[in-house]
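Quick look at what TrEMBL annotates:
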type     : residues : note
COMPBIAS : 576-600  : compositional bias 'Acidic residues'
COMPBIAS : 601-612  : compositional bias 'Basic and acidic residues'
REGION   : 564-618  : region 'Disordered'
TRANSMEM : 12-37    : transmembrane segment
TRANSMEM : 57-75    : transmembrane segment
TRANSMEM : 87-105   : transmembrane segment
TRANSMEM : 174-193  : transmembrane segment
TRANSMEM : 205-226  : transmembrane segment
TRANSMEM : 299-319  : transmembrane segment
TRANSMEM : 358-381  : transmembrane segment
TRANSMEM : 393-414  : transmembrane segment
TRANSMEM : 453-474  : transmembrane segment
TRANSMEM : 486-506  : transmembrane segment
TRANSMEM : 526-548  : transmembrane segment
Amino acid sequence: MDAREGRRQTVATVVILVVLTLERLAYYALATNFFLFLNKGPWDGPQAWDSLDAMNAVFVLAGVSYISALLGGYISDACLGRFKTMVCGFLLYITGYILLTLMAVDKLPRFICPASRDPGGADDANNAPCKAAVYISVTIVGLGVGTVKSNIAPFGAEQLNTANPQRTRSFFNWFYWCINLGSLVGVCVITYIQQDCPGVCVNGFFCGYLIASVCLLVALVVFVAVMPCYQVAVPEGSVLGNIARIFWEALTAQFKHWRHPQPVSSISPLRLEPRFLDRAKIRYGGSFHESAVDDVRSLGRLLAVFIALIPYWLVYFQMETSFQAQGLHMRFSVHGEDFGNNSESLDDNLGKKFSVPAAWLTLFNQLFLIGAIPVLTTFLYPVLDRAGIRLSMLFRIGIGMVFSILAVMVAGGLESYRIFLWRTDNSTHIEQIVGNVTYHAVDISIFWQVPQYVLVGAAELFASIAGLEFAYSAAPRTFQGMIMGLFYTLEGVGSLLGTALLHLVSPFWLANTTDYGNINDNHLDFYLYFLGVLQITTFLAYCGSLYMQRFSLRPIAMPRHRSRTRRRIQRQGLLQEEDEEAEEDQDGDEEDEDENENEGQEERRNTMDRYYRYHPVL
């Protein structure tokens with residue numbers, strides 16, 4: 001690689017990583033505090049959304065973001081290419097953010113959000129901000145998020161223009177590092193501005209959304225400005241039609257083979273049975289080339305790995321759900337005053353000690369990743385490579401699963417201890433007020449949750465990064481964007497399954513629904529242990545599958561009933577070679593017999609000649 005090509009690759013990848021950091025900053029600036037924006041916001045209480053409606057809007061944002069990733073990947077592979085698709089995604093992103101920024105100061109056009117007051121002055125609690133404007137905005141933002149997310153990783157990896165696995169691994173490590181850097185700035189800085197309105201910022205949400213909009217606009221301008229440095233691949237058209245046709249042809253050929261077995265002209269000496277999709281190949285009587293069928297087969301392998309990661313995503317999303325619920329029932333304050341024996345609440349003690357918000361514990365996860373990824377990328381992995389030890393992507397995914405098991409088991413153990421103290425030691429009971437909700441907590445420092453957040457970070461360090469790398473490296477080039485979108489979509493499926501699982505087990509372990517500020521009569525620890533057992537089961541199945549793929553052999557077509565099968569094979573002509581050999585042997589024997597007979601006749605003829613020569617006929 002010459003110096004000019006090296007500079008081109010450096011500029012392209014650095015710009016893409018900067019764009020990624022700004023995009024993640026904008027996303028977490030919205031997702032972290034969007035519930036608070038709708039539930040409280042810069043308007044009066046009567047016009048705010050209730051908790052259920054605000055939570056539904058947050059779910060719509062997350063759901064559209066994950067589902068649209070698959071759509072964005074398909075569009076880039078089939079129609080527009082990655083560069084144009086990302087530009088369209090950023091335009092949608094910025095449009096949605098502009099609507100949110102205008103919404104924060106009630107400057108939306110009235111045809112989108114009608115006036116909230118009637119002529120008599122009565123207030124309509126559902127119209128400030130109106131639901132139509134909110135759902136339109138979050139849908140547009142979600143479409144932009146998913147479109148950019150599914151294409152930025154493969155587009156960045158394509159700029160390296162190399163098959164070197166070490167360089168690809170290094171890129172995805174720094175890719176994930178930038179994700180956490182952007183989320184750290186979005187959570188720490190932008191959400192602080194939104195909540196506390198520092199300096200000249202009177203409306204915190206307006207300032208926060210405006211800053212995020214400017215970041216997205218800068219990201220788009222920088223991304224387009226260095227277009228000459230990009231290596232842009234041309235889309236090769238939709239592959240979904242070919243995938244469906246290959247599956248249909250293989251399925252019909254398999255049924256035809258079961259009903260009317262036919263000889264395979266290209267069968268190997270070991271008589272290996274063709275696999276299911278192989279029956280769509282030309283050499284097995286199908287109409288598709290080897291590479292097309294092998295690409296579709298790789299899709300099945302990718303899907304199997306992605307499905308195996310779903311329990312891992314279940315554990316990962318506990319940082320936003322059960323871990324925070326657990327933290328709300330532990331002591332926020334750095335100093336250990338007892339809130340249970342007096343009426344002094346958390347809000348009354350803000351001047352005496354510092355209180356840690358439960359959501360801030362996720363910062364330990366991000367800080368761990370920001371510190372650990374450079375160590376692995378610049379030190380540990382190169383040392384292992386020089387020693388001839390290379391950790392494969394699938395092996396690293398397995399390591400991440402082990403760390404996720406440890407994380408959820410540690411969280412379950414902490415919850416069991418917390419419940420034990422609540423039920424056996426009344427002196428540890430404290431009350432903490434957050435917003436309008438009183439939480440009945442135990443006098444245990446919230447910092448005891450740090451190990452479980454760090455263990456989740458260690459799981460991300462291996463499983464999440466290796467999963468991204470595997471989704472790019474193992475996917476055929478013709479539908480890399482769609483595979484990356486599928487990876488993110490199944491991540492969202494893991495989040496939805498976590499919600500469904502929580503509702504499924506709530507009648508047994510989380511039955512106290514009358515007091516939302518008290519989980520002490522429930523068994524959140526059982527739920528966490530159950531997730532650990534589910535992850536252990538998946539890990540064992542994952543290891544067994546890898547072992548079978550590495551050491552198993554393809555099945556050989558052996559006869560089940562010897563005489564019956566032999567007659568069937570003879571009728572089909574599969575023993576034609578043996579029959580020809582037998583015929584050749586028989587012909588040889590007949591030729592030998594004819595030759596011997598001819599020799600005998602010749603010998604008798606010579607004997608008669610000699611006899612009549614010396615014994616004339618009378």
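Glycine is no exception: its Cβ is also placed from the backbone N, Cα and C atoms.
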Contact between the transmembrane segment (174-193) and the transmembrane segment (57-75) (at least 3 Cβ pairs under 8 Å, separation 6+): no
Positions on the same chain near the transmembrane segment (57-75), where near means CB under 8 A and six or more residues out: 27, 30-31, 34-35, 38, 49, 85, 89, 134-135, 138-139, 141-143, 145-151, 238, 240, 479-486, 488-489, 491-493, 495-496
The transmembrane segment (393-414) and the transmembrane segment (453-474) contact flag, 3+ Cβ pairs under 8 angstroms: yes
Cβ contacts under 8 Å made by the transmembrane segment (486-506) with residues that lie 6+ beyond its boundaries: 62-63, 65-67, 69-70, 73, 146, 149-150, 302-303, 306-307, 309-314, 316-318, 321, 467-468, 471, 513, 526-527, 530
Selected stretch (most C-beta pairs under 8 A with the transmembrane segment (12-37)) from 87-105, 205-226, 299-319, 453-474, 526-548: 205-226
Intrachain neighbours beyond the transmembrane segment (87-105), with Cβ under 8 angstroms and 6 or more residues off its ends: 23, 26, 30, 37, 41-42, 72, 80, 112-113, 129, 133-134, 136-148, 151, 203, 205-206, 209-210, 212-213, 216-217, 219-220, 223-224
Candidates 205-226, 299-319, 358-381, 453-474; stretch with most C-beta pairs under 8 Å toward the transmembrane segment (526-548): 299-319
Sequence-remote partners of the transmembrane segment (453-474) [C-beta within less than 8 Å, at least six residues beyond its ends]: 153-154, 157, 165, 168-169, 172-173, 175-176, 298, 301-302, 305-306, 309, 312, 315-316, 318-319, 323, 361-362, 364-366, 368-369, 372-373, 376, 393-394, 396-397, 399-401, 403-404, 406-407, 410, 480, 483-484, 486-487
